[in-house]
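K.L.:
Residues annotated as domain 'THIF-type NAD/FAD binding fold' in TrEMBL: 9-409. What TrEMBL records for 159, 162, 437, 440 is Zn(2+) binding site. As annotated by TrEMBL, active site, glycyl thioester intermediate applies to 174. The domain 'Ubiquitin/SUMO-activating enzyme ubiquitin-like' annotation in TrEMBL covers 448-535. Feature annotation from TrEMBL assigns domain 'SUMO-activating enzyme subunit 2 C-terminal' to 545-637. According to TrEMBL, the feature compositional bias 'Acidic residues' maps to 580-596, 634-645.
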């Protein structure tokens, strides 16, 4: 007769008390998971999270209280979890899992790793570390009412990076600066404007009219005279927006008239832009104050954040937010900068006001502060109960692994609505590894198309190896028979190569590079395909199964352009967000910066559908390729679709 300890077999209960597990992330899912682990009987737990507790976390991360705001999530989660089971041995790390000290040997001391992350970069990294250490990984993610749990085991299942994920959506600069047609374009512009005025200026985030717009095809010399306001209101010189703003003392009225009157009048001189479009209508502060102020409507009912103000209401919000941000800059001192944060009220007010004023100018319906925040912050708010369900499923899959029943593990999708068999939870058989995976294949190899005469060594290191292939500290040598070292992870060894072009090292069409990341115990062979025919502003292309190349979307355009994160019948696999990520229970729908620009109002959640056998009936059920966000390595923001929590 089977002996039970509580609800578990004695052998399994004893295994739980002795095995050591690692929880990566102590946010929305992580809090629920820690509580579940100690109550189930796990005694040796290590938890790591780089984030600190914010007020916005308190509505769902129940191990935290108001008194904990500003403290380490991992440390407070440990202290709170111990109240459920004082005999548990929990070690907390307030750190990034991507730091070198958490190497393969660190991962090998665990029997099981459970991810509760919120960004793609960290997920990629933990995936590789578990593959190298040959440790089972349970990956998870939530997005609103949708959730997913899956198990990854080297040689038996798909790894996290086997399925290509959608690229983050970006918008052409001329669309943002000259011809916005969707609210998200105006919101991106407003975030760029915040950085140009108060933050770190970036040439790629210019907000003034783009005179190089190829569609305009106009002669600036002939039409500049018609931009009658080009030299008014504080000598508007299109050199540095921040420098001009400082010269005016960040005067809200002068800023308003430059951005929403003078720059718009300048755009109107680009005649060809408006032949097939509705031309923008400039706004003038003095006229608005005179004509609209007396008509100020009474406050609307409902929650403040969900109200859509009138034009004059957003003018006042713009004025107030500029004055507040100006004061914050002055308090920080000369040369200081502000960082945009969706949870900072003045910053959010500024983006809401500026974006809505621009929407009005370009004849779009204005949005509430709540809607703007959802798009600007790239988030879909987390649902506490979704986190709880997913955390419970993680533990159930963990019990299967520790019972030696890995073959019975499943990928489980939590759906918003019941499927045809009236199920909210849909288990699917785990897929085998992809033969073409650039991470878990026996000999990972990719082909990169680039111009060797224009691509620098630094671009190869940062844009291709780190950003695209997720390496942390790559070493690269040329397979030229000499073993020439192109990039070294040792500081200072190859910095002199950074500004040189690949061509300078004899790299040409057909050359092969070997890239090693010793921290991840990962080697990738790169075949170079030289070309001079890349599209404008495109530095390189991955040929074949690119890591960020998503399957062609199957949804209709209306579905794609809505902020959604799952199919009507099935949840989106996330194996799930950086950046600092804003919260770990959010999902980046579309980012507008950082790589910004995933799709804010358009969540590209679509993907080609595959049919996988339902674990219970044997019938096929829709399973979508996992999508995920990225971000900065253990942070928020930024930037592709992912199930974050």
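Glycine residues also receive a Cβ, built from the backbone N, Cα and C atoms like all the rest.
Keep in mind that TrEMBL annotations are predicted by a computer and have not been checked by a curator.
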K.L.:
If one measures from the C-alpha of the residue listed as 'active site, glycyl thioester intermediate' to the C-alpha of residue 162 (Zn(2+) binding site), what distance in angstrom results, rounded to a whole number?
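P.N.:
Residue 162 (Zn(2+) binding site) has its Cα 35 Å from the Cα of the residue listed as 'active site, glycyl thioester intermediate'.
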K.L.:
Ranking the recorded positions 174, 440 by other Cβ atoms within 10 Å, which is at the bottom?
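P.N.:
Output over recorded positions 174, 440: least Cβ neighbours within 10 Å is 174.
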K.L.:
Fewest neighbouring Cβ atoms within 10 Å: which of the binding-site residues 159, 162, 437?
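P.N.:
Relative to the other binding-site residues in 159, 162, 437, 437 has the fewest Cβ atoms within 10 Å.
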K.L.:
So which other residues, same chain and not among 159, 162, 437, 440, have a Cβ within 8 Å of the centroid of the Cβ atoms at the Zn(2+) site?
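P.N.:
Sorted by sequence, the hits are 131, 158, 160, 161, 433, 434, 438, 439, 441.
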K.L.:
Within the domain 'Ubiquitin/SUMO-activating enzyme ubiquitin-like' (448-535), count helix residues (DSSP H, G, I), strand residues (E, B) and coil residues, in that order.
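P.N.:
Its residues fall into 19 helix, 28 strand, 41 coil.
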K.L.:
Looking at the domain 'Ubiquitin/SUMO-activating enzyme ubiquitin-like' (448-535) alone, can you tell me the average pLDDT?
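P.N.:
Taking every residue in the domain 'Ubiquitin/SUMO-activating enzyme ubiquitin-like' (448-535) and averaging pLDDT yields 91.
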